[in-house]
Amino acid sequence: MSQYGDNPYYGNTGGGGYLAGGSPFGSANGSPGGQLRRAAAQHSLRPVTIKQLHNATQAHSDAEWTIDDAEVGQITVVGQVVSINSQTTNCLYWLDDGTGRIEARHWVDAGTDDDAERWGGITENTYIRVMGSLKSFANKRYINASHLRLIKDPNEIQFHFLETFTVDLIFQKGAPLRPSEASSAGAAANHQGTTSVYNPQSTATGGMEQYAHLPSIQRRIVQFMMSQPHQNEGIHVAAIARHIGGDAQAISDALDRLMDEGHVFTTIDDSHFALST
C-alpha cells in the first residue's frame, strides 16, 4: 500500500495536500523553523502543472526544488498518457497536460503485479493522476512516481487545474482574507485606494516618509516589502531581487545597509527578510 493511501486525492473528493498561507515551505537553511518547513514540504502534496515542473529551480544540484520561491517535496500532476514503455525494472509514462510534457517513472518491485494490473487499467490516451517527486538525471527532468491512479471523472481534470491556480495565487499573494478581515480592509481602502481580498495594501503608498532619506535602491526595496502581504517567514531575497532588478550585489549591499540601520531583519534564515516597522 502506498504511503499516500489515505490521501483524499484517491477518492476523487478534492482537497489538497499543500499548506495554506504565505509561502509555507519556505527555505530551510540553518534554522529550526526552516527545518520544520522542509519537513512540511516533504510530507505535503502540492498540485502543479507540467510547465511549473519545467520552470522549477534549484540553487544547486543537491538543493530542494522551488516553485514561487517555495520548496516543494511531493507533487501531483494530472495529464493524458501519450505513451507507455514497460521495462523490467520500471514503467515509463509520457504525460501531456496541455502546458507541457514530462516523463513519469514508476519503479517496479520484483514479485509484484505489473503496472497495468496494479493501477487499474491505465492505457494510452487515458487521463491519470500521478503523485511523486521531481527528479533530474542527465539534464532531463522526470517525476519519480510513487502512485498513479486512473481518472474516471472528467471533472477531476478541471478541478486539478483550478486548484493549481488557487495554490499558485496563495504562494504569490498570500491566503485570501476571511470575510471579517475583508470588510475591515474594504473600509480602509476607502481612504487608501483600491484593494483586493489577497493583498489589501498592495496599492498603498503611504508610510514612506520615514524612508525618504534613504538611497533609491533601499527605498525601492522597502516600498516593495511594504506592498506585500504579511508573512511570518518574511520575504525571500529572490522575490526582492526579481522585483527590483539590476545588479544582485547592489541589492545585497542595500539589504545589508537596511539591516545595519535597523529597517529590516532576517527571519527564518539569512535569505528571508521582514520590515522592522
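Each position is counted from 1, following the chain as shown.
Using the three backbone atoms N, Cα and C, a Cβ is placed for every residue, glycine included.
On the 0 to 100 pLDDT scale, the domain 'OB' (75-150) averages 89 in this prediction. As annotated by TrEMBL, domain 'OB' applies to 75-150.
The domain 'Replication protein A C-terminal' annotation in TrEMBL covers 178-270.
Residues or ranges marked as region 'Disordered' in TrEMBL: 181-204.
The compositional bias 'Polar residues' annotation in TrEMBL covers 191-204.
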For the domain 'OB' (75-150), the number of residues DSSP places in helix, strand and coil: 4 helix, 48 strand, 24 coil
